[in-house]
Ligand SMILES: Cc1ncc(C[n+]2csc(CCOP(=O)(O)OP(=O)(O)O)c2C)c(N)n1
Ligand SMILES: CC(=O)[C@@H](O)[C@H](O)COP(=O)(O)O
Ligand SMILES: [Mg+2]
């Protein structure tokens, strides 16, 4: 049977559908999510099941792209993508060359603002609304934000400014009581009071009957009266929004299309900031996910045919080794505490929390607070470990510098997802942390070659009297044996893995084993023999070993999963330049000066020449090309 969904190329077409057809469309969209995300690509799942009616209501009440709809994060915007001409490509989402994992302005005119990192939508929407007013335009602006993203500082900063400016725009709060894990903090508690107030259900009936009977303006007056008189506990939290300068409409059922459309239609007519509080269920309509909607289990699903992993699928994940090691260390040192910014499962800190419930803190999507909270803990004698993805730590850069490093406080940053993060693409690669951390005075920066070395690095970091950061990749380790006891690695020492007279390869982190494999290929296929070094400290460098080795080699390659700009290779160059020792033939391999797209880690490493074959090929070009062609080599390398 042909599906209505298959006929939708543009949201304009929705306006010709009857209410029953729209409800049929919602059912088909859920089926499409199951067949593509659950069935093929993996990725964000339960959040998208929860926004089907919201997406339909927005695209029937508003006129995108003239009206601006800004989705927070974008992980829950696949229904929006389906309704805006991309349904036929849903089976490619997050895959290399396929639809982007989040919204991207370049992908569709309906994607008004790109995201991937949370809590940005209200700020962006307010910017667009103010621009509209300054340009004398009259389109509508709607920010769609989840209850988790609402705990982000940026969102609260934006609400503060929105209330101050009084700009006409709508904030549609998608409240499913969940972040990835159950939401944390007082904001969700306030929302719960609104959501569960016994009078909500009576008031809900009032709201719908009033809206159906009266023109908008009178309806609002009547609503206000009813709410003020009859819903005491609702009025208090409701007052909070009013005090913030927003007209609060809700809570309404976020899966009731008519309620959503009526409330959005009312809000559209109000010439002020409006917050609509929609209650939804994460996983709605797909029984297993709905049944476990209050767990993190269905936030993301794994692809049915995951790309070949560079590492052994049977090997433990770096994040699990991190968590298990932290538990062992915390058993010996009660000063150790763990901090996550709404990523207990992504960092595996939930394992630590199960063992030490009183020593694990999930602060919500609040990286800035997480870092300075850690600084406060350290200043008072604790040993905090802040487990924050490399990309999300970008949000707390000033806190790292100003609150931790400048005061030389012993905070450990466990930076997971460093380097190529894979299918989440450009917003989630840990592409910048070497560049943004190695320039911070007092910071020690380490990268383990495998999961075993991660164990000893955590021990080392916790032994230091100042800040330390450990960067490690998403996914499985190399399957090396783990240690039962942990030792401190002398700070600033590298590990000479093999010697060869033709070439020096300096590699750090994930790239070390790729470099060793490349050296094997070169010796077998090309008769080139390379020295390979595990440069496990990025700051401080092992300058003594570096100078000794460079003095013996004419050709040097550095390899890292970070942008070349200001990365590990730059650090090596700076150090050699300081000692007038820069070799004439030197290539820095790393991530290019552009935003690397989404795709499997394996594919992206191949494209960027960061896998073993890519490193070997660069070595061949470096050695076989004469000097005048070397620039060509560099250009080739840099264009990958
Ligand atoms: C700055 C930042 N920190 C952490 C994350 C990881 N993250 C992605 S979605 C999400 C939960 C969002 O919850 P909510 O806004 O309620 O949306 P829902 O999934 O419930 O629809 C988190 C923590 C992120 N994307 N950005
Ligand atoms: C949308 C978001 O930011 C998170 O859901 C993120 O995608 C999780 O990444 P991992 O799957 O690597 O834990
Ligand atoms: Mg939520």
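Residue numbering: from 1, along the chain as shown.
Keep in mind that glycine also has a Cβ here, set from the backbone N, Cα and C atoms.
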Quiz item: To which of 59, 75, 456 does TrEMBL also attribute binding of thiamine diphosphate at the site defined by 116, 117, 118, 148, 149, 176, 286, 367?
Solution: 75
Quiz item: TrEMBL lists region 'Disordered' for one of the ranges 236-262, 290-316, 317-343, 371-397; which is that range?
Solution: 290-316
Exercise. Within 10 Å of the Cβ of residue 147 (Mg(2+) binding site), how many other Cβ atoms can you find? Include all protein chains, please.
Key: 23
Quiz prompt | Rounded inter-Cα distance in Å - residue 75 (thiamine diphosphate binding site), residue 147 (Mg(2+) binding site) | solution = 14
Quiz prompt | Same chain, 6+ residues apart, C-beta under 8 Å of the C-beta of residue 176 (thiamine diphosphate binding site), given in sequence order | solution = 47, 50, 146, 147, 254, 279, 280, 281, 282, 293
Self-check item: DSSP-derived structure type at residue 75 (thiamine diphosphate binding site), helix or strand or else coil
Solution: coil
Self-check item: Contacting binding-site residues for ligand 3, chosen from 75, 117, 147, 148, 176, 367 when the Cβ sits under 6 angstroms of any of its atoms
Solution: 147, 148, 176
Quiz item: Listed binding-site residues: 75, 117, 147, 176, 367. Which have a CB under 6 angstroms from an atom of ligand 2?
Solution: 75
Quiz item: Once the DSSP letters are reduced so that anything not helix or strand counts as coil, what is residue 147 (Mg(2+) binding site)?
Solution: coil
